[in-house]
Amino acid sequence: MAFTWSKTIYMGLDPIFLTELSISIIIFSTIASSKKSRVSKIKTADNEIFEVEEAVATMSNTIKIMAGDCSGGVIPLNNVHSTIFARVIEWCKKHVDDGEDLEYYKGALKNCDATFFEVDQAVLYHLLTTANSLDIKPLLHQGCQRFVDMINGKTVEEIRQLLHIKNDFTNEEEDETRKKLWSSVVGMNSFILL
Amino acid sequence: MDGVGESSKSGSGVSSSQLMKNGAFCDEESCPKQVSPIRVGGSRNTSPLGRVGSRNTSPSRQKVIKTKPRGLDEETVATFGKVVHPDIQMEDNIWAMLPEDLLNEILARVPPFMIFRLRSVCKRWNSILQDNSFLKFHSQVPSHGPCLLTFWKNSQTPQCSIFSLPLKVWYRIPFNFLPQWAFWLVGSSGGLVCFSGLDGLTFKALVCNPLTQTWRTLPNMNYNQQRQLIMVVDRTDKSFKVIATSDIYGDKSLPTEVYDSKIDKWTVHQIMPAVNLCSSKMAYCDSRLYLETLSPLGLMMYRLDSGYWEHIPAKFPRSLLDGYLVAGTQKRLFLVGRIGLYSTLQSMRIWELDHAKIMWVEISRMPPKYFRALLRLSAERFECFGQDNLICFTSWNQGKGLLYDVDKKLWSWIAGCALQSYNSQVCFYEPRFDSSVH
């Protein structure tokens, strides 16, 4: 083999080697491109079809399981509307590479996510219920945080009004519950972000 | 986390009236904010008919509608009752349709102090929020945001205020259960708070969980000396350790002792190798205790698992004043301090220890205007402590606090009444329901 090897040095690459190389390149690229182009087709309640990259779509555990059952067909989501689903997918695309880091569990929402949740109440409600039904835990977590921030400044009565909850405590019971260990010392706006 | 003070120092001369701030100061008896005169006008009849899970029945009788079961076949999908329109869906009523499990998810993210307030919303919420399985679910959410705990003793009465960073509100916590001798705030970790003090001639320590108002005095140490303590909680193990290192008088023959809650005993460990003077600056991360030595300025590390001291030859920055050690997340260790005494160019800087190269790398500097606002005089004292990559600076004289988020590189001010007492001790605190003192 030493003889053939020295030959290639003079005459360029060995043709057999070249063929092998090109074949492996072709195989490789097909694998790579097929991975890239794996999309899931998802149909929402209003019969709109979304084509979403599989990695993004399977951030939803529900979709992941349904995809396994459908195996290539269209996944129907009968209780998600297209406008909400579009937003959810937008969020998923931003967070597809987050992995298991869960850094957003700590503290406030990141800036990009904070603006995502600056929506009106109806949309927030549907985002939450959709995140719940599609089982996208990080989105659900952030949505819940947003809701908690929303009710943070409210009094108990305002919370009741928002959630349409009837106050079923009697006056005495309510005093009892209020006379709890903690009393809230509401200070001035004592946290200024610069 | 400055737990050192003269043993005979009594509470400050600051009377409680000085601690009143501008806003309303609520007692437990009267809390005007919570009383809602709106109710006088008659309760709102809001429950739509046919809405399952009506909120004024007792929990045992309520029916619950669940959202679509997660991850099951399409055939078993339960649809919403209404078709979702893209237009605004009667915003007025939208949250009334909140499903039960989603409500639980939301309540699990509520910071602990708000949970108490939410108990008075209705009976159903009251029972949910006290239910053990809910509290367990609530505790599994990794973090609800840190709080600052300030503690000071006003002659005999301990006063404690907690500032919740996510809620941006100060809370007053009764600490009546604390015995008289508890005087120094050692620190807080994983929901538990540790105090130390001298009971007669015996130096003692106790741990408590302010949220559940449970507490326990730890058994006496093997060597009775007033010392520097640090407490660490292992949440996965559900145990905690208290490490007692050098004493404040520099007694070099005093061995390190470690209290382990699993065996409920203090064990004697190695004596720290002779160094000239130890500071009170300690930080614990990654099962190692780091302690700063003053003369010469250096770093000592104590490995808890193997139980011996080691000198870390990391060179400290030149002309460093008041170096504070702060532990970050995982293995990160920060050094915070000022450079340049008597110089107009004095600046506050933060370094991080590079474990591989064993050197301090500067990662941040306090912006000059904040530095000037925090410390008007160049020789003024300040406190610095931290947790989870948050570093807090408090200036006693001015009652201000400055917070630095290492990850986000963000500086922010905290102001409020409790920081104004000059001998209040401050630390980070994470309120948790599930931390046990045993």
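Cβ coordinates are placed from backbone N, Cα and C, and glycine is handled just like the others.
Residues annotated as transmembrane segment in TrEMBL: A:15-33.
Sequence annotations record features per position, and here TrEMBL assigns domain 'SKP1 component POZ' to A:41-96.
Positions annotated as domain 'SKP1 component dimerisation' by TrEMBL: A:137-180.
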Model confidence over the domain 'SKP1 component POZ' (A:41-96), as mean pLDDT, sits at 84
Three-state composition of the domain 'SKP1 component POZ' (A:41-96), taking helix and strand from DSSP: 28 helix, 11 strand, 17 coil
Please count the residues of the domain 'SKP1 component dimerisation' (A:137-180) that DSSP assigns to helix (H, G, I), strand (E, B) and coil. 32 helix, 0 strand, 12 coil
